[in-house]
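So the structure is just underneath, and the comments pick up after that.
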């Protein structure tokens, strides 16, 4: 039930917070010659974070010439992989929810549904772990590449002490941090569901039968042995009691009375 409710929501939050991100930073370069200054240099970037394609122009403080620069790094592979896993997990969760609710008999027919569900759950657990870890590393690279201090180091005008370079505002990464959190939450959710899906497969029930059969055989043989011992003891006891009574052959017949007394009279 938890998978039916939380799996689609967690997957949706994961790809929405990452795939829908767009942010930016603003820098200012104050040259000695004020006419050459630019106090509002906006640098925008977004998913899939191909930062090397993000270009911007800054003053050189050496006349009207502008310097064209680009950000450093490319985290598109990890970001796209993460979003792809989230989208497919979302779609599968919705499809599985429909099957659970409306096609329960078809799901359990020939045990095919639980087996497929178990395999897919294991695969998605692994993909969530790999995708979340890769995206966490990719996000760390994005933060470094878009750090205003790092970007200012790329400008030739900022290497001259007479010019003043500063960051007006930094990019907001809260939604990207949330995407990483939801990625690992999805891994915990899917990995924790492996055991519950496994119990619905035939492998779990067959394993229990395999373990219970030897125990039943051992218990039946033990009870049979006890029954034989009790039967043997009881039969022996009765035979001994039967042999304790005297027989007519051993003691003979008792005399009926003295016959010689009648003869004397």
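Every residue gets a Cβ built from N, Cα and C, even glycine.
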Notebook entry, point to check: To which of the residue ranges 31-51, 52-72, 115-135 does Swiss-Prot assign the term transmembrane segment?
Noted result: 115-135
Notebook entry, point to check: Looking at 5-25, 152-172, which one does Swiss-Prot call transmembrane segment?
Noted result: 5-25
Note to self: Is it the case that residue 176 shares a side of the membrane with residue 76, at least as far as the topological domain names in Swiss-Prot go?
What the structure shows: yes
Check: Looking only at the repeat '1' (210-214), what is the mean pLDDT?
Finding: 48
Next item on the list: State which of the following glycosylation sites has the fewest other Cβ atoms within 10 Å around its Cβ: 33, 38.
Entry: 33
Item checked: Tertiary contacts of the transmembrane segment (115-135) (same chain, 6+ residues out, Cβ under 8 Å) -> 18, 77-79, 81-82, 84-86, 88-89, 92, 96, 179-180, 183-184, 186-187, 190-191, 193-194, 197-198, 200-202
Checklist line | Secondary structure content of the topological domain 'Vesicular' (136-177), with strand meaning DSSP E or B | finding: 22 helix, 6 strand, 14 coil
